[in-house]
Amino acid sequence: MGNRGSKPKDNTNETQEDTQKPSRPTSEAASTNPFKPDNRKCTDVLCLIFFVVFWIGMIVIAGVGYHYGKPQRLIYGTDWMGRTCGAKAEKTDNVPAYDFRHYKYMIYPRLSEDFTALAEAGFSASDLSNPSTLRKLFGVCVPSCPVLTDAISGDDLYVHAYLDYEMHERPVNENDTSGGASVEYEKAGSPWKLITNSTSVLYRCVELTKIEVTQTARCVDDCTDSEEANYKVGTPLTCGTDTKKNPFRDCGDKTCSEMVTTLRPNCTALEATREEHKIGSTKEDPVTDILSRKWYRVARWLGDLQKAAFPILICGGLFALILGLIWLVLLRYCAGFFVWLAIVLVVAMQIVITFFCAYEGNLINSTSMQTTLDGMGMSTENAAALTVATTTYITSSGITVAEDQARYWAIACYVLTAIDIALLVVLIFMCGRIRIAIGIIREASKALQSMPMLTLYPIVPTIFAVGLVAYWLVAAAFIATSGKITVNDVASTVSNATIADVEGVVPVQMKESNAMHYLMIYHLFGLLWTNQFIQAATYATIAGAFCEYYWTLDKRQLPARPVLRSVWRTLRYHVGSIAFGSLIIAIVQFLRIALEYIDQKMRTAQQGNVVIKIIMKCLKCFLWCFERCLKFLNKNAFIVMAMKGQSFCPSMKDSFSLLLANAARVATVSIVARFLMILGKMFITGFCMLFMFVFIRYPPTHLPSFFMGDLASVSSPIFPMLLTGILSYATASFFLDIYGTGIDTILLCFCEDCNVNKTSEQ
């Protein structure tokens, strides 16, 4: 269809001939053109109604959660009496009225004892590392994470588990004695002495063990006679291994290498030391120790990211977009070069591996190979070194096993030779299809350049997806905290306590009702379905724009704003079909999540039963493969739907028929396109990370300070480069996924064109 010079060809030599052929009359073209944007009707309306009703249920559930839920429980936590930090509540059956709006932070004064008690109660290591375990720990709400300098009198500080904060406003104070059982919870050990400073991590106070790191270094090159002579008259040495003459020097803010080369520019060997000084509690607390060390590390990483924030956005966002446009131009003019280069490299690699196996299997004489290498210009010594036998092995009994090894290499050579022959035969017969693939890729490049608005279109579904996740998280927080607060005996976390001793004042937990579990399941399925709906609408819109480009006879007469026209057609006619297709994927994804949940619950049973473990692995693998296949079929169904305006099931049937009838052509184009997509993402991500590394190591001096940030004080380029790589890969994926969808659309349009016009000359 359309201008033959713009369509992919079976033979590239036909291009000049086709430009001289007369175009098909408009009436004949219209009769075989499946793309009729003005002759459509709404598709799969029942699915659209079902989707709307489902979302009404989502809104009702969110309203229920908003009415009963208290997400502060997740953000700030609950103390040992079940009181929510940072909140205000009236009196209930078990919890007195309280006002903790100024007490947003949670401190765990007996963390090690609680973890020890939980371990003795049968909690595994994975259970103890679960964030939900925090609800079983003994916590106290405080106005801020305490530090040792908070003491007004300079005395030690103590954490008190007070019953009533109106009578005692400062749960952390200098009082080292208990106020009695009527004032605070003595049976748990209140009060507790504050040993070290603490810091806030997600509104939880973590003991902050102070760690001071000192690095020293010195140059240990041999000293010259003149340097030894100068040392005798009072000049300090910067060489030698004598510690008295050449002591270690503090590296300070510089790297040790920089410090040493500053003192001795021609230094070739240095010796460095690293000392770590820890200031903290004398009592071993592995949990707090791990958290403190990790917090220091995370704080340093976050500091590096903050200092390089703007350069990361520039390198990972703007540069990635520019490189994506460059890659698009390269694919338009150099797609054939990239494809054939990759094919040649693959064939060459296969042949080299085959010859290597033949040589190791003694199928090629080493003398003949040396002669061949000599004739190629390689020196005799290098040729001999390259052809030394490497398959002679001696066992501990002195038995040579070279013959067995050579036989294995020979078998591998025969297998690889068969593969090489098959590969060459396939390539010979696939040359025409490879040229078609190259033509389709070029056509997709031209289409994308004709519709530049498509490059910005992913911003719209991204905004919707982010909004969906934000809405879902907020609603889920309200739903998850809609349970009733009841006394739950966790006396195992309080040494030597019984239920009778602690009734009314023991730590409490939120008891979740079964109804809330069902609502959360409904809410989760809504997330999966809506997320797939957004993706499907994106596919259909992009495919509609490419379809309109392909089936337009004269590209100069391409209607204005084809992307907006495609958005209108999708929303006006095909929302029901999109809801239908996305529902299928959401069901499979929900089954995968349910299977993963069952797998987690059956961990103990799987440890003693290999059959159950294998069955679970096979089921998960099957569902994963099934989802991938459905996504592939769905995407092609949406392309046919955008092309012909049909409902989902006929579109699925027609797309499957097209794929089946053109299996070899589709496979070739898919492999070539996926290779170029991966190559493009690697190209963009690699260059963006390289730019970030150059910015950090060699900061440009002529750029404004707001652009460069504080790169000079970045401790390591690793995390800024890593975040740049993630951001640039995401940007490249957004850009190139549009391109990939365009290639798939052009391919199916081409297959449909060949099908409807196979009896004509067009």
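Every residue gets a Cβ built from N, Cα and C, even glycine.
In TrEMBL, the transmembrane segment annotation falls on 573-595 of the listed ranges 573-595, 619-641.
Counting Cβ pairs closer than 8 Å and at least 6 residues apart in sequence, the transmembrane segment (45-66) and the transmembrane segment (573-595) reach three or more and so form a contact. As a quick check, the transmembrane segment (718-739) and the transmembrane segment (408-432) miss the bar of 3 or more Cβ pairs under 8 A, pairs 6 or more apart, so the two do not touch. Counting Cβ pairs under 8 Å to the transmembrane segment (308-331), the top-ranked stretch among 337-359, 408-432, 573-595, 675-698 is 675-698. Simply put, out of 337-359, 408-432, 573-595, 337-359 has the most Cβ pairs sitting under 8 Å from the transmembrane segment (675-698).
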